[in-house]
Amino acid sequence: MKDKVLILLSVAAVISLALGLYQTFGATHHGDDTAKLEWVEGVAIIVAITIVVVVGSLNDWQKERQFRKLNQKKEDRIVKVIRSGKPANLSVHDILVGDVMLLEQGDIIPVDGVFIDGHNVSCDESSATGESDLIKKVPADAVMKALHEEEVNPKKLDPFIISGARVLDGVGTFLVTAVGQNSSHGKTMMSLRDDPGMTPLQLKLNILAGYIAKLGSGAGLLLLGVLTIEFLAHLPNNSDSPEEKGQRFLQILITSITIIVVAVPEGLPLAVTLALAYATKRMTKENNLVRHLQSCETMGNATVICSDKTGTLTENVMTVVAGTLGTGKFRFVASDDQSSETSQEDGESDVHAAGDDKKSQTTTEVPMSKLSSAIDAAFRDLVKQSVAMNTTAFETEENGKQVFVGTKTETALLDWARRCFALQQIAIERENCPVQQLFPFNSKRKAMGAVVRLPNNKFRFFVKGAPEILLGQCTSAVSDPTKSPMTASMASDQQEHIRQIITDYARRSLRTIALGYRDFEQWPPENARKEEGSQNIEFSSIFKNLTWLGVVGIQDPVRAGVPKAVEDCRTASVSVKMVTGDNVETARAIAKDCGILTEKGKVMEGIEFRRMDDRERVNIVRDLCVLARSSPEDKRILVKALRSLGEVVAVTGDGTNDAPALKSADVGFSMGITGTEVAKEASDIILMDDNFSSIVKAMAWGRAINDAVKKFLQFQITVNITAVVLTFVTAVGSETQEPVLNAVQLLWVNLIMDTFAALALATDPPTESMLHRKPEAKTAALINTPMWKMIIGQSIYQLIVTLILHFVGPSFLNYPSGQQKTLVFNVFVFMQIFKLINSRRIDNNLNIFEGITKNKLFALMMSIMAGGQVLIVFVGGAAFKVEKLNGPQWGISIVLGIISIPVGVLIRLFPDSWFVAIVSPLVWVWSKIPKWKRKKKTDEEDSEHLGAGGVKDALLEIRDDLAFLKRIKGGRISQISEVIMKPREYRERTRSRSGSRSSSRHNASPMKAALGMPGILAASVGGLSPVERPVSHDSRNTDGERDQEESRKD
């Protein structure tokens, strides 16, 4: 128990129990045969405290359990591996040592391993090594060969894949050698685990709770002082026994402490925690995986959403539905009904072929089902090779069927090639044309390529990408696809004709992909630039003088619920902007279909937006609806410009280069299906279905969280004011110095406030009306004017009723004193129960029952509170000091409680302006009162809380475990040559001074990875089956001494 006030109350309760037991069993009772039960109150207080602590602990346990589940789900992801020779998609938690894992651009590597093979793989290992340079990965067999032959400087050789590193470029495979806690990143994370910090709303509530606690503590101390003075004043004339006097003073102390317990709003942080726990669980079911809790609150007040197009606004179910092969005379369409032979004399694609004296030319359109037979066999093979060779997708078996796994664009092209050109398995297609070098897709060049060796030992460079980019690099084209492939120079009017075809497809909301190629006599070609520190050829040096094959149109329809979701955003005063890399006409068409592009909205290309200065961007950014052909950097600039205007920006991203934009936004959404691991790591919320409609749901839940906390705040402050004032006034006005609500009753009220009300109000789901109001400003007050009206109005009503019943009631009700106090207690509790219904709204709307049927927990908590109160009155007489009530008394209690609902209606009808005019003078007076400020701690004082060991020891252990990385980055991989060439001498050097080796697994030398690498690679080639990593027995002490020697040598 960390609650000092509750501990103090527990001590007082134990003293009260001891005195009660003494009075009951130890003291002499002269001529009094009445049963003495003075000990009951002490027991009741202890039981009440126990219940409060247990219920609070259960809530905390449930919250932690909830967040633990969410964290496990957050860390889980699907990765591509080769196990037992077969490709498979596995959970990251199911990876085993010996698996071969596939690397792709944007991956965050979850395990350690050894690089087998790949193309242009570069990793950012700064998170593990602290060095910012990109590390080029070299296949392990090439490293072994180089070490034997001493061809290359060992400093440039790095075959090791480190967990936690980010793949910034290239594709490849590596053999897994360490997983989970045994990997370098896993050891780091296990040693540095920490609890998440508080959200902004929790910080605000803690500040508010501190103010309320100070006021409540002041009231409790004031009551203690007044009652103590009164007690001491009557002490000379008091004829009670010493035990009874001590019991009375102890009662004053307990009442004062109990007021502090009730006044301290420990339920406020609990309310926001419950709201977050409940909301994040429900959001997960609605495809929003929350990574950072504060993003839930922030999303509720978002004013702008910058969304990607593909997969977010569209279905990401891509299908090739149209295309043009060659220079534009031959087209194919999806269905037979669209095929025809037409004269190009209408529409926007009316152009004329070069060399035909501007005469109208016919264009042949064939259905996709007849495409294979309509074109020449050699040209068909050329297109099929272009699709099959130039891809990073692969095939696997699912439910007995062969399916393609990769990006949606690539799988759409492969599916088209299989349907139209009888594409075989990719592995079989590549047998005759092995890939020499692969250039993965890059968002900057908006293209990808592959160089293959042809059967005649020549080389062909296949390229695909954005049509306008490829078209600008093409100097020739295949003239007629129906004949044997013959290329001819591409004239300017032919290029213009193709551009209009691309525009025509884009206006039909089709995504366009162009295909081209270039032949080489040898590879690498002469005078071609090589990448720094590599034998690979630079893409830009050969991306020219291409031959145009054609362009295909890929359909990606708008998701069914997106237009309504965009309209909901507009209703909620949230603007939506589409940021896409697609053609400007495609983007414009999709934006119109989604409802994003308004009449006054502007459409702009990224390059134009990028060239503007800051002032121009700020002037145009509010009206900008679509940013086409944009790069991730354009997206980041857009977010920065919007935030400079005070907007709260949410942004979506799926690529590695989207990470800066995701980080710079107020809320970053990454794609759970198509997003890279770098994008997910940089985001706040993961859209598990990549659907824009889920963003709107996240916004609604964000508003629900903020509303839930404010509802509870409105309820609790009302109870605090009423309970403290009622207890204070009745205690001071009583001859016996006893308040109308005793300590046990106040603890029951505290349980209602802090737990049951929090569960009831913090679990309200979003309602439609939440999206019919504007977002709150960042500087908005935690308690708005309607809330203050309700708090003060309800407090006045409750105090009037309870004080009249207590002071005036005996004169006209004529109830016995015990029943009178029980009636006040009963009325007070039922007013809180019905006040709970009133608290379901924090505005002036009169519909307090909206959505109440969707929250079953609210009805359950109401039933528990009402049922608990009935049980207390009927069977809790001795413990709670209550007496049974009759029918009319129960009727009075319930009716006075229900009246709080119409009172709430009157309060909401009271104009806000009148209320502000009344309370403004009081606020001005309060602002003039000097406030005490806590002295800030110095850095030295804060450092004392970090402890002497702990983190430092963990980091030292990690440093030792990463000693191998130090060797690699410092160029000491040359030591491996010594291991390979002189293993006996190396073993002698690695023995400890005693001549033995340590058996501790923690002291294992990483150098064993190099020793075992040839065997591991051989095993992987042989079967690709999981293997068990051998336990190393090197001595850490010896390694440490060797490190020092090597450092001196270097």
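Including glycine, each Cβ sits where the backbone N, Cα and C put it.
Here is what TrEMBL records for this protein:
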COMPBIAS  349-360  compositional bias 'Basic and acidic residues'
COMPBIAS  1030-1050  compositional bias 'Basic and acidic residues'
DOMAIN    76-190  domain 'P-type ATPase A'
DOMAIN    740-910  domain 'Cation-transporting P-type ATPase C-terminal'
REGION    336-367  region 'Disordered'
REGION    984-1050  region 'Disordered'
SIGNAL    1-20  signal peptide
TRANSMEM  42-61  transmembrane segment
TRANSMEM  208-229  transmembrane segment
TRANSMEM  249-279  transmembrane segment
TRANSMEM  712-733  transmembrane segment
TRANSMEM  745-763  transmembrane segment
TRANSMEM  796-813  transmembrane segment
TRANSMEM  819-837  transmembrane segment
TRANSMEM  857-880  transmembrane segment
TRANSMEM  892-925  transmembrane segment
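Counted over residue pairs separated by six or more positions, the transmembrane segment (249-279) shares fewer than 3 Cβ pairs under 8 angstroms with the transmembrane segment (819-837), which leaves the two as not touching. Residues of the same chain lying 6 or more positions beyond the ends of the transmembrane segment (745-763) and with a Cβ under 8 Å from any Cβ of it are 45, 48-49, 51-52, 55-56, 59, 258-259, 261-262, 265-267, 270-272, 274-275, 278, 708-709, 711-712, 715-716, 719-720, 723, 727, 825, 828-829, 832-833, 836, 839-840, 855, 857-858, 861-862, 864-865, 868, 872, 880-882. Distant neighbours of the transmembrane segment (796-813): 718, 722, 725-726, 729-730, 733, 740, 820-821, 823-824, 827-828, 831, 835, 896, 899-900, 903; these residues of the same chain sit at least 6 beyond its ends, with a Cβ under 8 Å from one of its Cβ atoms. Summarised by DSSP class, the composition of the domain 'P-type ATPase A' (76-190) is 30 helix, 48 strand, 37 coil. Panel annotation: around the transmembrane segment (857-880), residues 37, 40-41, 43-44, 47, 742, 744-745, 748, 752, 756-757, 759-761, 763-764, 822, 825-826, 829-830, 832-833, 836-837, 840 of the same chain, lying at least six beyond its termini, place a Cβ under 8 Å from a Cβ of the stretch.
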